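Taken from TrEMBL, the feature transmembrane segment covers 18-36, 42-62, 83-108, 114-139, 151-170, 190-209.
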Amino acid sequence: MTALLRYQSGLLLRSQRWLAPLLLYAAFIGVGVQAGEPVLGALGFSAAALLPVAAWSVRICLTQEPPAARSVVAAAAGRGRAHLAALVTGAAWPVLVGTVAVLAVTAIGDRRGVGGLAAASAGLLAAPACALTGAVVGALSSRPFLKAPGWSLTALVLGSLLALVTTGSPAKYAMTALVTGARTATADPPWLACGGALLLAAATAALACRATARLE
């Protein structure tokens, strides 16, 4: 599995397709987060912005291989394992970027009434909750479920929006916890949201890998 992850990561880095989602996230942060604003609200915004970025990143990793190369890798390692490596690669770097963003936002935000450690802890749970929820959207809106680019992109955009506003979504729960905390000056770490997103991502990955083995 390590070799597959290195292979997928190498493909992503060499293709430079990671640059567009990263620039999108930087634009979100640059426009939506200002120095001196309440730290929890800023963390909520930065976490929410990770969701479409993670969805896009996963879709990139699932579609970046040429068909011939994909067939060779699938024959050598199995379609399910190859698909899982692409999913993990696509989800991992948004989580890493989100972690860096949490530390930066915590440093420049207004922490009055909220300790820096408490705010950072809440942000470090909200960021993976939103990123993993976005990864679920990306996995379900890409192959093997949707192969046509137009339908895939439409599903990705609509799925990202729904994941941010639908009751029960781990991303919405995490974002709401931080925004509410900004109003009450209480940092409530969204443990349930992070755990729920992790379970949802694991279940989606299992489903996608099984579907890949059958449909491709």
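Here the Cβ of each residue, glycine as well, is placed from N, Cα and C on the backbone.
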Exercise. What residues in the same chain, six or more past the boundaries of the transmembrane segment (151-170), come closer than 8 Å to it by Cβ-Cβ distance?
Worked result: 48, 51-52, 55-56, 59, 129-130, 132-134, 136-138, 140-143, 192-194, 196-197, 200
Problem set entry | Recorded stretch that, among 18-36, 42-62, 114-139, has the most CB pairs under 8 Å to the transmembrane segment (83-108) | 42-62
